Amino acid sequence: MTSVTVGVLGLLTFGTVTSLLAKIIFGVPSLGIDGQLKEFRKPLFETFAMFYGMSFCFVLDMLQRQKLESKSELVEKNAKSRHHSVLVIWFPAAFDLIATVCMCTGLLYTTVSVYQMLRGAMLVFTALFSVLFLKRKLTFHHYVSIFLNILGISLVGLANILSEKDIAMRGNLVMGIILMIFGQCAQAAQVVVEEYFCQDLNMPSIRVVTYEGLFGVAMMLLIVFPLAYWVPGQDSGSLENILDSFIMIEHSWILQGILLMDVCCMLFFNYFSMNVTKLSSSMFRTLLETMRTMIVWIVDILLYYFISQGQFGEPWTQYSFLQVIGFMFLVIGTFQYSQYPTLPVSEEEWFEEEEKVPLVTDVPRNVTMKQVTGKEPVVSHINEKGTSQITIGSKNPPKNVPSFYSSSPSIFMRHGGFSPSVYSSEILELEARQSGSLSSTVE
């Protein structure tokens, strides 16, 4: 079994477990601060757990840095140049916090399959923000894709609402769906903010994920939890009582186990995401996310009928076929959108700029370059003495950024998307050599 196969299997496994745990934890009962047995319906604490798990990615960053430092001193050069700008990650982390809170709160009232499928709404908002703020140009194919996604979102939401027989509960479902769509709007804003602020940040994506996790934990502890505690609500007198959360965790080994699994799954999910970054074709990304959503849905149904006897999971209803149709529209729309780059207003300027920025690096003389996948690289010897310089160029335009899988490191890690723009060209080259997509033999 190849490392790529192991990476894909690990990505699907831990991605599925992470999504299921996010819903299961809301139904686990425990004793609270008032001594009453109640369910752990704590979306803010779930958000905190996600950022806490992201912060542990520093372990992966350390391992990756050791590998790169053994190959080149370029990483050290980049490390010296990044400290003055690392605080810009606060901005995307704030949008990520808003998006996660909305998604987790919406998950209280909807099923985990709808939670997965409504992520397709991010494509619509990303396209809109790209045009408004990044001056991107959409084509007819993009508009068709956006229409398919809107149609798919509508069918998925409608199927979820119609499947609820209790009229009073339908209002909660509608609120949950609206919150999830708003969360995807915030997630799309995060993509645009990262594209604007972090495009010159010379940092591997796993390190950006770590910083976003640390900043997210800080914002939760210093801002969100205190505000949620003082705002009146139904959670022991607060909007969400953090003291009640810790007491419930203390009284339930199941909650402790789920939170520990959540952190571990986040770490392993990011690890396997790093291993499949070289598989960045749009078809692969769409297939991977489709498989993940389908596996989550199937496991959730099995959990309902065969494991928890209806306590957890979701049932198959007469409207589930409508949800399947909506999901198909989402997949087609997402794949169609990713086939066509979103260009700046002037395509000519974009291609000219791309040709003016080749990847140039110094290598020893008499170097034989071999590209395992794709076309052969363009190799040109510039100097005749000492070291030679090679230019590795591509006649194809770069992949569209942003898109459904975006340049966002956190989204990239969760979905296994392509390499974010915050990667420096030097680190990209070194990681390409390590992954085997580009190998060199020095004579």
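Here the Cβ of each residue, glycine as well, is placed from N, Cα and C on the backbone.
Values in this document were obtained by computation on a predicted structure and should not be read as measured data.
Features as listed in TrEMBL:
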- 15-156: domain 'EamA' (DOMAIN)
- 46-63: transmembrane segment (TRANSMEM)
- 84-109: transmembrane segment (TRANSMEM)
- 115-134: transmembrane segment (TRANSMEM)
- 146-162: transmembrane segment (TRANSMEM)
- 174-193: transmembrane segment (TRANSMEM)
- 214-233: transmembrane segment (TRANSMEM)
- 253-274: transmembrane segment (TRANSMEM)
- 286-307: transmembrane segment (TRANSMEM)
- 319-337: transmembrane segment (TRANSMEM)
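Only residues 6 or more beyond the boundaries of the transmembrane segment (319-337), in the same chain, are considered here, and those with a CB under 8 A from a CB of the stretch are 113-114, 117, 120, 123, 127, 141-142, 144-149, 151-160, 162-163, 282-283, 286, 289-290, 293, 403-404. The list of residues near the transmembrane segment (146-162) in space but at least 6 beyond its ends in sequence, with Cβ under 8 angstroms from a Cβ of it, reads 110-111, 114, 117-118, 120-121, 123-124, 127, 170, 173-174, 177, 181, 317, 319-320, 322-323, 325-334, 336-337. Tallying C-beta pairs under 8 angstroms between the transmembrane segment (253-274) and each of 46-63, 115-134, 174-193, 214-233 places 46-63 first. With Cβ pairs under 8 Å as the measure, the transmembrane segment (214-233) is packed most heavily against 46-63, out of 46-63, 84-109, 115-134, 174-193. Here the transmembrane segment (174-193) lies next to the transmembrane segment (84-109) in space: the count of CB pairs under 8 Å, restricted to residues six or more apart, reaches at least 3. Secondary structure counts, DSSP: the domain 'EamA' (15-156) has 108 helix, 8 strand, 26 coil.
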